[in-house]
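Straight from Swiss-Prot, the features:
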REGION    1-153  region 'Disordered'
COMPBIAS  7-19  compositional bias 'Basic and acidic residues'
COMPBIAS  32-122  compositional bias 'Basic and acidic residues'
REPEAT    43-62  repeat '1'
REGION    43-122  region '4 X 20 AA tandem repeats'
REPEAT    63-82  repeat '2'
REPEAT    83-102  repeat '3'
REPEAT    103-122  repeat '4'
COMPBIAS  133-153  compositional bias 'Basic and acidic residues'
Amino acid sequence: MASGQQERSELDRMAREGETVVPGGTGGKTLEAQEHLAEGRSRGGQTRKEQLGEEGYREMGHKGGETRKEQLGEEGYREMGHKGGETRKEQLGEEGYREMGHKGGETRKEQMGEEGYREMGRKGGLSTMNESGGERAAREGIDIDESKFKTKS
């Protein structure tokens with residue numbers, strides 16, 4: 001029990017030094033403030049999703065991502081994503097990060113179905129540093145059935 005309190009004290013110290021220690025708690029000056037901010041932002045997001053519907057909410061997020069990509073440029077946007085991934089890896093540890101990725105892959109396979117997931121992997125496997133999987137497939141005449149990529153309803 002004491003170790004849980006020690007951990008909270010350490011997180012609070014880090015928050016007071018300006019570090020974000022709670023996902024969604026950016027701007028909070030203490031651990032408790034960051035927890036409250038994260039909770040409020042989460043509730044706000046849920047409310048907005050209910051207002052717009054699932055598809056509208058997803059589209060709004062997509063447009064926001066595209067705007068950010070235009071602001072930062074392709075390279076800056078990619079770098080931002082890389083830094084976010086590295087930060088998450090530090091938070092979860094190597095094993096936790098790997099497990100999170102594995103669970104995400106399993107979830108995606110369930111959403112798409114085995115055949116669609118395999119077809120998407122085929123396309124991804126064709127990619128190189130200089131060419132996307134789709135570009136290489138087109139150049140080499142490899143048929144990729146992207147209709148299989150659809151998420152099951």
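Cβ coordinates are placed from backbone N, Cα and C, and glycine is handled just like the others.
It should be emphasised that the depicted structure is a prediction, and the values quoted were computed from it without experimental measurement.
Counting residues 6+ beyond its ends, the repeat '1' (43-62) has no Cβ neighbours under 8 Å in the same chain. Helix first, then strand, then coil: DSSP counts for the compositional bias 'Basic and acidic residues' (32-122) stand at 90 helix, 0 strand, 1 coil.
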